[in-house]
Amino acid sequence: MREIHSLFSLSLFLISSSLSVALDYNVITPKEFLKDGDTLSSPDQVFQLGFFSLDQEEQPQHRFLGLWYMEPFAVVWVANRNNPLYGTSGFLNLSSLGDLQLFDGEHKALWSSSSSSTKASKTANNPLLKISCSGNLISSDGEEAVLWQSFDYPMNTILAGMKLGKNFKTQMEWSLSSWKTLKDPSPGDFTLSLDTRGLPQLILRKNGDSSYSYRLGSWNGLSFTGAPAMGRENSLFDYKFTSSAQEVNYSWTPRHRIVSRLVLNNTGKLHRFIQSKQNQWILANTAPEDECDYYSICGAYAVCGINSKNTPSCSCLQGFKPKSGRKWNISRGAYGCVHEIPTNCEKKDAFVKFPGLKLPDTSWSWYDAKNEMTLEDCKIKCSSNCSCTAYANTDIREGGKGCLLWFGDLVDMREYSSFGQDVYIRMGFAKIEFKGREVVGMVVGSVVAIAVVLVVVFACFRKKIMKRYRGENFRKGIEEEDLDLPIFDRKTISIATDDFSYVNFLGRGGFGPVYKGKLEDGQEIAVKRLSANSGQGVEEFKNEVKLIAKLQHRNLVRLLGCCIQGEECMLIYEYMPNKSLDFFIFDERRSTELDWKKRMNIINGVARGILYLHQDSRLRIIHRDLKAGNVLLDNDMNPKISDFGLAKSFGGDQSESSTNRVVGTYGYMPPEYAIDGHFSVKSDVFSFGVLVLEIITGKTNRGFRHADHDLNLLGHVWKMWVEDREIEVPEEEWLEETSVIPEVLRCIHVALLCVQQKPEDRPTMASVVLMFGSDSSLPHPTQPGFFTNRNVPDISSSLSLRSQNEVSITMLQGR
């Protein structure tokens, strides 16, 4: 569909708005003023700067200073978008320092370029203000150095040569912000920016929403993988994507003298307008194009397609099944899909090629920054890390190059018939495709069928025998370990849990469901039941029994016994009536039950529990999966660390190791473990630091979203610390108690020390416990792990990130 846009009324208004003689400048100096009715034009007479009104009928006196295309008329930049002038007495002045200053008739400043610029003012030599032929309003030092330019401060429009992205050195970010309405240029509901977590990707977000609205995807050398319309434009435009340690940006330039602009409108649509030969703006394409373009409409491992009724339809990728059969429809599509056959890294998973896909969300990905790895190199790297779920080339030109790895579920995919990219997904079986045309004979088929039946019968019989043998062997192993651990029979546990009734279901752990139960003597228990289809659960079960059986500490959950029957394995723990920590801190209503005293008690308790594992138990134990969901709370809200299935023990002075099988929870893993498989006691320290920040803020690290930037929780808190800004915390009554604020700030300081990038920089848990118990000065933290230097928002908060003891009722200052 093509649309033609014209605003002749605005043009007529601009011509007639001034009662005095209108002047058209080519250059403005500090000695000159741009009055309402005057204009500043580009050398080629394509762009103009001046005053205009957007609402002639209801608000004709509301005037804006902005840049526009002269013919056909289109506003591309507005200076005072938040603060319109009233009447036609406003004027623009260029100061001797090169600052643009907008005043009303009473000489009150309404806007200045210095308020938007991050550059420090300096003495300017003969500053000039002019418009380039590309539409860039430039304040320059004479004819050379740029003091300020409008291209650094986009509004809702991107012109040829402008950038979208981020300069990490100067902290300059280039993003689009929609207008509120067609007649109100103040910031609207939508922003378009470059997300630099993992492989950079263009994302559209509705302000205030935690998730994306639309993801144009990552750059693959030719276009963004979620914007096929841009791929179709390759003959009209040259696209440029720059990625370095200092800057990541995207820009475009037209071919064949095409005049074009990209506009983010007030409804969240990205429009490409092209000037026609008839001198009109024609809508060339729109993104999102259809409902399937909206973010993760079908959930994990699913693709969206438009059906014959022109409505979205979700389907699982081949080899996957709906996560919830009852809820698998378009209204509940976000539930997504799961593997039909679970992956099992130890049994050498296969990678299956899925062609023509929109690359999944790369927020939690790793990529080859130098773009030098081959696809085979990429496969080897992904295969060596059990947490790697898929891989692909970063650049599809010249046969493909570069490496992109995903960790976690793959979301926001769709299939394209003539667009998209190959993605290689980890599967729990080797997929073999037969493409031959020969017809198999009936005799051969019969023989094969009989052989298959015999093999299946033998396999079932052998499995039954092996189940009994393994169960008995495991039971003997437990007894030989002399663990002094009661072994319950299955009947007792079945009676205690009312045959594992749904009413007694407490939740799902790493390897299976957990049920509440009550023994005959009245003791309440929690039964962790190993899931039958858990590929790695038996080994973790054995590990957990052997590790925790003889551990005794008030901040560790107590193991009461186990149950083994065949390959059915269950752990019986003391029951924690208040569930887990995440049940409280991440819920707005329930979090009010945790005042600061209780939160601090939980922090101290977890610290003492980890210290016991690292230093005071008979073996040095690294938990490897410390998170809010694995901290249980008793009747008095005392914390108890649970779930030792992934823990590793060491004897003597050993305190670190490496593995190819990276397991745990992303968001809590330190970088050296998640990327290289290297873990140590400092891995738990990192997880503990993340947990402390989550307890204080009530936000999850990995799921943290902010309307104004793409930082995770660690990056968000770190930026607030470095810039002496304030941090958001729950609106709780305990924040009104001035006496707790120094303690809260000290906890944040300690947490930042725990999550530092390098393990050798992190304190030991013994040092952490001492830090909490004293008022001694703390070292300055360095940059945390998994931090990328991105945009920092304006925060309204109740704590200033300072660690010294200068206290006031509303704010803390000084570090």
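Every residue, even glycine, has its Cβ placed from backbone N, Cα and C.
A quick note: this is a predicted structure, and the numbers were derived from the prediction, not measured.
As recorded in Swiss-Prot, the features of this protein are as follows:
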SIGNAL    1-22  signal peptide
CARBOHYD  Asn93  N-linked glycosylation site
CARBOHYD  Asn249  N-linked glycosylation site
CARBOHYD  Asn265  N-linked glycosylation site
DOMAIN    288-326  domain 'EGF-like'
CARBOHYD  Asn329  N-linked glycosylation site
DOMAIN    345-428  domain 'PAN'
CARBOHYD  Asn385  N-linked glycosylation site
TRANSMEM  439-459  transmembrane segment
ACT_SITE  Asp625  active site, proton acceptor
MOD_RES   Thr659  phosphothreonine
MOD_RES   Thr810  phosphothreonine
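Location within the structure of each feature annotated in Swiss-Prot.
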residue	record	contacts (Cβ under 8 Å, 6+ apart)
Asn93	N-linked glycosylation site	Pro30, Phe33, Leu34, Leu100, Gln101, Phe103
Asn249	N-linked glycosylation site	Lys163, Leu164, Gly165, Lys166, Asn167, Trp174, Leu194, Phe241, Thr242
Asn265	N-linked glycosylation site	Asn156, Ser178, Trp179, His271
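Here Asn385 (N-linked glycosylation site) is positioned 17 angstrom away from Asp625 (active site, proton acceptor), judged by their C-alpha atoms.
Here the domain 'EGF-like' (288-326) has Cβ contacts under 8 Å with residues 204, 211-215, 226, 228-229, 269-270, 332-341, 352, 354, 357, 361, 409-415, 425, 427, 429, 431 of the same chain, all six or more residues outside its ends. Applying DSSP to the domain 'PAN' (345-428) sorts its residues as follows: 15 helix, 32 strand, 37 coil.
Of all Cβ atoms in the protein chains displayed, 20 besides its own lie within 10 Å of the Cβ of Asn385 (N-linked glycosylation site). The secondary structure of Asn265 (N-linked glycosylation site), as reduced to three states from DSSP, is coil rather than helix or strand. On the 0 to 100 pLDDT scale, the model's mean across the domain 'EGF-like' (288-326) is 85. The DSSP secondary structure for Asn249 (N-linked glycosylation site) is strand. Residue environment of Asp625 (active site, proton acceptor) contains 22 other Cβ atoms, counted within 10 Å of its Cβ in all protein chains. Residue counts of the domain 'EGF-like' (288-326) by helix, strand and coil are 3 helix, 14 strand, 22 coil (DSSP-based).
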